[in-house]
Structure formats: C-alpha cells, structure tokens
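What TrEMBL says about this one:
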DOMAIN    B:10-286  domain 'FAD/NAD(P)-binding'
DOMAIN    B:323-387  domain 'NADH-rubredoxin oxidoreductase C-terminal'
DOMAIN    B:430-477  domain 'BFD-like [2Fe-2S]-binding'
DOMAIN    B:493-542  domain 'BFD-like [2Fe-2S]-binding'
DOMAIN    B:568-632  domain 'Nitrite/Sulfite reductase ferredoxin-like'
DOMAIN    B:641-775  domain 'Nitrite/sulphite reductase 4Fe-4S'
BINDING   B:CYS650, B:CYS656, B:CYS690, B:CYS694  [4Fe-4S] cluster binding site
BINDING   B:CYS694  siroheme binding site
Amino acid sequence: MIDIGTLSDIPRQGARVVKTAQGDIAVFRTLDDTVFALEDRCPHKGGPLSQGIIHGKGVACPLHSWVIDLASGEAQGPDHGCAKRFAVELRDGRLWLALSAAQEAA
Amino acid sequence: MNAIPAQHPRLVVIGNGMAGMRTVEEILARAPGKFQITVFGAEPHPNYNRIMLSPVLAGEKTFDDIVINSREWYAENGIELIAGEKVVSVDRESRLVMGEFGTTRPYDRLLIATGSDPFIIPVPGRDLPGVVTFRDMADVDAMLDACGVGGSAVVIGGGLLGLEAANGLAVNGMKTTVLHLMPTLMERQLDTVAGGMLKADLEARGLTVMCGADTAEILGTERVTGVRLKDGQEIAADLVVMAVGIRPNSTLGRAIGLDCKRGILVDDTMRTSDPFIYSVGECVEHRGVCYGLVAPLWDMARVAADHLTGVADSLYIPAVSGTRLKVTGIEMFSAGDFIGGEGAEVVEFRDPSRGLYRRLVLREERVAGVVLYGEAEDAGWYFTLLKDAQELGTLRHTAIFGQSVALAASGAPAKDPKAALAALPDSAEICGCNGVCKGKILTAIAEKGLTTLDDVRAHTKASASCGSCTPQVEGLISLALGDGYQAAGEKPMCKCTTHGHDFVRKEIVSQGIKTMPGVMNRLGWKTADGCHHCRPALNYYLLCAWPGEYQDDAQSRFVNERNHANIQKDGTYSVIPRMWGGVTNAAELRAIADVVDKYDIPTVKVTGGQRIDLLGVQREKLPEVWADLNAAGMVSGHAYAKGLRTVKTCVGSEWCRFGTQDSTGMGIKLERMTWGSWHPHKVKLAVSGCPRNCAEATIKDFGVVAVDSGWELHIAGNGGIHLRGTDFLCKVTTEEEVLEYCGAFLQLYREEARYLDRTAPWVERVGLDYVKARIVDDAEGRRTLHERFLYSQKFMQIDPWAERAPGAEAAQPFTSLQPAE
Ligand code: SRM
Ligand SMILES: Cc1cc2nc3c(=O)[nH]c(=O)nc-3n(C[C@H](O)[C@H](O)[C@H](O)COP(=O)(O)OP(=O)(O)OC[C@H]3O[C@@H](n4cnc5c(N)ncnc54)[C@H](O)[C@@H]3O)c2cc1C
Ligand code: SF4
Ligand code: FES
C-alpha cells in the first residue's frame, strides 16, 4: 500500500486523483468521511468518475450521469457495468491505497 | 335582576385577539352550542394572527393571509361579532356589558382578553404625529404609509418587536436606526455573543444599530423630526417607532373592581376574583407572572374552556417557551435560562466563518437553556430536551453539535424523521405559532379526509403562520396517508423529496433557510446529502436567495461549473475566454495563439457564440492556461455555466451602412452588466443594429433590435432543441432603459423560474402578460428587480479563473494527490 496523504486533502463529497502505473485512481470522500477508491474510468464510456457529483455512497458520472456505487464499483439502476475497486484505508491519520485492484486481490 | 332569561347561557368575550378567540375555539370544540356567544373587539377586524404582523410589514404576507377566523366563520358558528366597538364598562351586579357606542349585552359568563398595551416611554414629544407603536394592524398601516413617503425611521427598542419593526421598515426602503438602551440586542433572549452576531447581521443589511442609547426627547413641533439622546446626540427621523415593551391591559378589569396587580389576577382555573368572570392572555397575572408570548396562551385557553364548559377540571401550569426572531434570513432560537451562573455548565460551539453559534446551559446533566444563532433547525430537538428535563447521559458531550451528530455518536439509530414523528404522543405540540398538537392534526386528516398541506393549514392552522413546522406537518400527512401523499401537488424535485421546485424555493425565502443541510433538514429530505439532481438546484436557489451570504458549494456543482471549463468526451476540457460583445484585438489573439503553442492545444475553433474555443486541455493544465489568458486581460467566458453565456452583436452604426444604433457598444455594456450572473439555466443575449438582425437577436433569451427611434426588446427566444422565436416585450429609447429592462427581466427569471428551465419554457408557463405586468407596467417593481440584480452582481463578478491561479487553494482540486515516498 502507498501513503497518498491525509483525509483533509480530499474535499468532503469530493474526490482526488492518484496517478499510478495502472492508470488514474479516483479516491472519494463521502459526507460521513468514508473513503473509497475506484479506477477513474466510468464503465459506460470512460468518463472520469472523480469529477462527478458524490452523494450517499455513489457518484454520478460527469459525462452521461450513470450512478456508480462507490463500494462495489457497480453501475446502479438499469445500467450495467463495473469500475475496478481498490482498497483504501485510514491509518494513523494517513490514507493508504492498495495498488492492486480489490477484485483481483480478493 | 333584569337579565332576560335565555335558552342558552350567554358568554360575552371582551377582546377579539389571539387568546380570547382561541378560548372560543376551544369551547366550540368541547361543547358546540353550549353558549350563545358575543364577541366585542376594539379593532375593526375579524381576529388575526398578531405575531404575523411582522411579515405583513415586511411585505411577505398580506392582511388576508393572517386572518385566523373570517367573518363567515363567526356567522357559521352563530357567534355575534361586534368589531370596532370598545367595551367601556361592565355592570357586574346586573351582568351587563356596555360598548363605547352604547351597545349593551347581558352575560352569564364573561371572558376578558384585552391583551396588552405598548409601553410608551414618558419623554417630551411622545404624542407628536409620526410617533407610533407596533401592536396592531392600524400601526402597521401607519408605518407602511410613512414608508410610502420615504425618509428615515428611528426604532426605540432592540428587542424582538423593535427589531422586527426595524427590519420591516428597512425592507420598505426607510433608512432605519435602532436605539437600544442595553449594551447588546435582545438581552432577554440572547447572550452577548449571539447579541453581537445579530447586531452585525442587521448592520450588514443596512440598519444602523446604537446600543447604550438612552432617549431624552422626541424632537419636532408639527410632527416628529428626530430623536435626541441623553448624551446630546440627535438623530433625524420622519417616523419614530416605540417598541420598548408591553404592559398588561388591565384597565377595564381594574375599572370594574376586579382584583388586579400588574395584570388581572387569575387563579389556576383562569378565574378572576369574580366567579362569573374569566380572563386569559396578556392581560392576566398568574402567580405573579405576566406573559408576552403566544405559547402560554394556548394552555390558558384550554384551561378556561375546560372550566367554562365544565367538561374537565384542568389547571394552568406555566411552561417554558422559546423565542424566534421573525426576520427573514436571520435564524435564531432561544429558550430557558441561557445565561447560566452558579451550578450551571456552559457548552459553546462557534464557527465564525459560517456565522454559527450555539450555547447550551446545563444543570445537573440536563439542558436548562439554549441559544442557537445562524442555524436553528435543531431548535425543536433542543427544546424537547429542555422541556422534558431529560438527563443527557451519552448525549452530554455531543449534544452541542446538533441532533444528527449527537444521536449518531450515542449509538442511537440514525435520525429517521418519520419514526420520530410516529413516536410522539398525541399531545405533542407541532405548531408553536398556533398551538396545534399532533393528535389534532391526525384527527382532522382522518375525519375531514384532508390530503394536502393546504387543506391541513386551512382546517387546523398548523404551519399556517411562520411555516417552520411545515416538515413535521407534512410528515404527519404522509404518516396518515402513506405513500399516497404528494407534497403541495407539485411534481417532486427528485427522489430525495416530495416537494416540488416552486415550493422549495418559496420555503427557502420565507423560512430564511441559508444552508443546504438546513433545507434538507427543515423540508424533510429523505436522503442524507441529496443527489445530483437536487443538489445543484438547491445550490442555485440558495445562491440566488442570499447573495453575498450563501457560500457556494462546489461539490454540488456539475463538473463544468466546478472546473470552470467544459468537459469533453475524452475527459479533457475546452477553454473559452470572454470576448466582450464578440470584439477582440491583436493582443488578445496573440495571447491566445501563444497559449495554444505553449500548451500544445490540439483544436482552436470559432464558436457559434462569437468567440474562440480552445479544445483538448488536460485538467491539471487548466489553472496555468487560465493564468496566461488572465495575464493578457482575458477572463472566463462562462461557456460552461447555467449563467450568462454570450452577448452576440453585429457591427451596427459604427460601420454598417444600415446600422441605426451602436449595437456593438450596447452589447458590450450589456455583457459588462450581466457577466458572471448565475441563472436557472444558460442565458444568451444579442444586439442587432437594425431589423435585418444579423446577431439573431430574436432567438435569444433577451434580444435587442435597434431601430431609428430606439431599441426593441425581445424575450424568451431559444435556438436550441425546440426552435422558438422571441416574444416582443416593448420598445424603449435610451441605452439606460435597455440595461434596466434587461437586468429586471433576468432577475425575475432568476427568482422565479425552476432550475433547468430556460427563459422560453418559463415564459410559456407563466405567460407573457405576467412578465409584461412585472417588467413593463410596474415601473417601481422593474427598478427594484434591477437593483436586486445589480446587488447580487456585486458578489458574482469575480473571475473564477483568477481565483484558481496556480498555487492558490482553490487550484488544489486540479492537481493529483502525490504519493509520499
Ligand atoms: C462550443 C459551442 C459549439 C461551437 O463550437 O460553436 C457549443 C457547444 C456545446 N453546446 Fe451549444 N454550443 C455553442 C453554441 C450554441 C448555440 C448558438 C448560440 O449561442 O448562439 C446554441 C443555440 C442557441 C440557444 O442556446 O438557444 C446552442 C445550443 C445548445 C443546446 C440546446 C439548448 C436548448 O435550450 O435547447 C445544448 C444542450 C443543453 O444545454 O442542454 C447545448 C450544449 C452544448 C454543449 C455544452 C454540450 C455539452 O453538454 O457538452 C457543448 C459544449 C462544447 C464545449 O465543451 O465547448 N448547446 N449552443 C458553442 C459555444 C458558444 C459559446 O461561445 O459559448
Ligand atoms: C408584532 C408582534 C409580533 C409578535 N411576535 C410574536 C412571536 O413571534 N411569538 C410569540 O409567541 N408572540 C409574539 N407576539 C406576541 C403575541 O402576539 C401576543 O402574545 C398575543 O397576541 C397575545 O394575545 P392576547 O389575546 O392576550 O392579546 P391580543 O392578541 O392583543 O388581543 C387583545 C384584543 O383585545 C382588544 N381589546 C382591548 N381592550 C378592549 C376593550 N376594552 N374592548 C374590546 N376589545 C378590546 C384589542 O384591540 C385586541 O384586539 C408578537 C406581538 C406583536 C405585536
Ligand atoms: S451541436 Fe452542440 S452539442 Fe451537438 S455536437 Fe455540436 S457542439 Fe456538441
Ligand atoms: S461515461 Fe460515465 S455515464 Fe457515460
């Protein structure tokens, strides 16, 4: 896991991007300060999920408004598709991101 | 004995105000037809909600809105109303009431509810014309008349009444000064911190507040001209409002020999020293206490009705009541012992940048007093803790952070407003203004088959006054009717709420809600933080309602508005600098060319809006690209905004052989006035120099076509999905008029359209005649709309690109997180 900074680096109901060899990873922070990480690519047409509006535990993609569940990476409602998940955790005040996708790791 | 025997005992009520008529309502509810009732009222009106005089003064309600019982209601219930005749004496021997014009009525039971009188400080000049008090509708009319003439006003007294009067006068355009004797405002409801915040907020609205100001004399010979203070200072005034306090109106009671001290003395059954005479309201004194708020009156009315009808043997027990200031946009609440002192602990929370303050006074682990300032959504919760004197236990350390945080931290299930409502006992009071409890609302819904908020308001008065209980009332309707209930009949904004756009907008303004969590809490949102449909709309409504006060919420903005550029299909962005009226020059073009080279921008395109689009910029590079454009004097073109986009122009009289006016110059002036403004949807303007209309002004939201004798104004065109030509609004002669009509029209659209309505569908919905009535026929209204537009622009015309210069805090979201080594 890598140290990517502190919780306060990410705005509440917002996201920041981490550039990695695997591509961009979006790290989200919800209203209640839960943190999630997903590949920054919408399963629809690749929209940057980090730029969407975050509400509850979901994000609305900025390109065509699919809503992606932050915990599972799955598109909600009638849409189908899944964004890759990454493990992220808050330890000793720092955020740690796993660089291998969760599905693969699990 | 000369009383004529009657079939029914006769009840005469003296005082057609809130306490007297409430008692009558309670009597009718218990034993309809038991009494033959006559009501004398000194005021020439049916009874009305006195506490709502403040919103009437501020122009937020009309007198008709605040009438509690219409004349028809009296007739339907067989009540004789003698309005406009004051009772001057009562013959207790023969049980006969006499009015000032000679009307007499015999009684078997008498109810005195004469309220209170404003206290007039005994200074010279107090009787001059132009000195008024604030107690009844006649006072409000006198103040509104004075506002019609204009000038300046002095309000003596910085308590609840004085401040509501001052705010109303200021809203009506009077230059208003508040003189308050004590060092801080509302010292009987607020501690010094909250009092200080209140002063600052009022001053920010343009009021002058002088504390420690002791009035020596009211100046003037024919009529009032000013006020002189004891320290010699003089303040000019065309109107002086005395609002220093009230005194129980026990004149009549005293005159007829009832036992009185400050007020008419009553026992725990609301009976006076004469067993046939009861008294309720502000005119009474009960165990040494006189009251000045409505909450205690509801209890008095119940007790008096119980005893008059003989259905129950209740006793009046005083309870704490809370206070709110009814100044739209200022949220405060106070109740109980808010100062503290020996044996008390004080817990405070302050967030100066958001203007929030909370103070809890605890005694023996229980809430003894509370002050909320800036946000008062949790007032009901704190007030319940106070009234129930519940031991705080696990809530002790978190209560100050408000209900949701405290309950979550204490491990209690997250706040479910519906479950909380369901759990309340039937006797729980829901509407404080009108004293309506849960049971009464549910019974009315069931018995009368009510289905809408308006029905419930009409039948029970719940939520019909200040509106702060609207969510609970709606909650009860939906509890009773299940999912069949649709708020206010309007289509809901989204799945997070049952309310429609218009309703939400109205409540934001009328309840003075200033934050997004505030809207969601007060209007009973079903989700914790809304969704991508409602949040951008709420963000806009709040921004529009509270210019300069509301903090824009970037996380509730669609990507383009958050990043101040248009996202493209590959996740890159396009950048469009503003090109005023479509005019540019060599320096700007050179700077654009340099930016294209320096950042390797793949595509440069001339847009359909007469400016230049730089397509394919990486998000991280945006702040640098903008900085370079800023350096050359260019600002954001807002090509991404639900806001003012472009003002297209043609060359006009400067060059064109047909041009009749300087259309390019006019367009630039319009763009200078309107740039930066946020709207329900995008807004586009155009100015053509003659009816050949090369700028396509007749498919724009606001189009101007020059003719020899002036300018033709057109509105509500749309060149998009559904092509719609404009409607002709009117013709004006000067450039100043074009600017004023344009600003007024845009402001009307900003204030009244639903989010994502462009001007075309909005005007089709409200009708061209309505817009003409507001913009063309009503010169005064047009001027004030335009002024509000300009006021809001003071806060909007800040270039968002410059704010996000590389390195600035606002530029942070554009950079990536850097993994630590
Ligand atoms: C760039 C531009 C096309 C061009 O290359 O010329 C353009 C590009 C887009 N237009 Fe447009 N419109 C552009 C002028 C227009 C015009 C012409 C005009 O303004 O005179 C119209 C018709 C006039 C009108 O608005 O009534 C126009 C009617 C629309 C519509 C339909 C609006 C409607 O009310 O029906 C949309 C869709 C929408 O807003 O929902 C749209 C949406 C868009 C979006 C924002 C689509 C999107 O959501 O991504 C495009 C963004 C491209 C970008 O990122 O830059 N664009 N668009 C023009 C920018 C003008 C500027 O300088 O700001
Ligand atoms: C502007 C304003 C704002 C207020 N805001 C709030 C608030 O936010 N919250 C709150 O709790 N309280 C508020 N109050 C106080 C509240 O209005 C009073 O507590 C309430 O009206 C008292 O009711 P009452 O029936 O005792 O007196 P009133 O409502 O004053 O009724 C008395 C009536 O008796 C009539 N009368 C008097 N003498 C005679 C006579 N001899 N013969 C016939 N008729 C007579 C009077 O004309 C009057 O109509 C406000 C008051 C004012 C003026
Ligand atoms: S017409 Fe407008 S929205 Fe459609 S492709 Fe062209 S730029 Fe995009
Ligand atoms: S790319 Fe995300 S919804 Fe289309």
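Just so it is clear, glycine is given a Cβ too, placed from its N, Cα and C backbone atoms.
Note that TrEMBL annotation is computational and uncurated.
Mean pLDDT, taken over the domain 'NADH-rubredoxin oxidoreductase C-terminal' (B:323-387), works out to 85 on the 0 to 100 scale.
Each of the binding-site residues B:CYS650, B:CYS656, B:CYS690, B:CYS694 was scored by the number of other CB atoms within 10 Å of its CB, and the largest score is that of B:CYS650.
Per-stretch counts of Cβ pairs under 8 Å to the domain 'BFD-like [2Fe-2S]-binding' (B:430-477) identify B:493-542 as the leading one among B:323-387, B:493-542, B:568-632, B:641-775. Each of B:VAL651, B:GLY652, B:PHE658, B:GLY659, B:SER663, B:SER688, B:GLY689, B:ARG692, B:ASN693, B:ALA695 belongs to the same chain as B:CYS650, B:CYS656, B:CYS690, B:CYS694, is absent from that list, and has a C-beta within 8 angstroms of the C-beta centroid marking the [4Fe-4S] cluster site. Residue counts for the domain 'Nitrite/Sulfite reductase ferredoxin-like' (B:568-632) under DSSP, helix first, then strand, then coil, are 29 helix, 14 strand, 22 coil.
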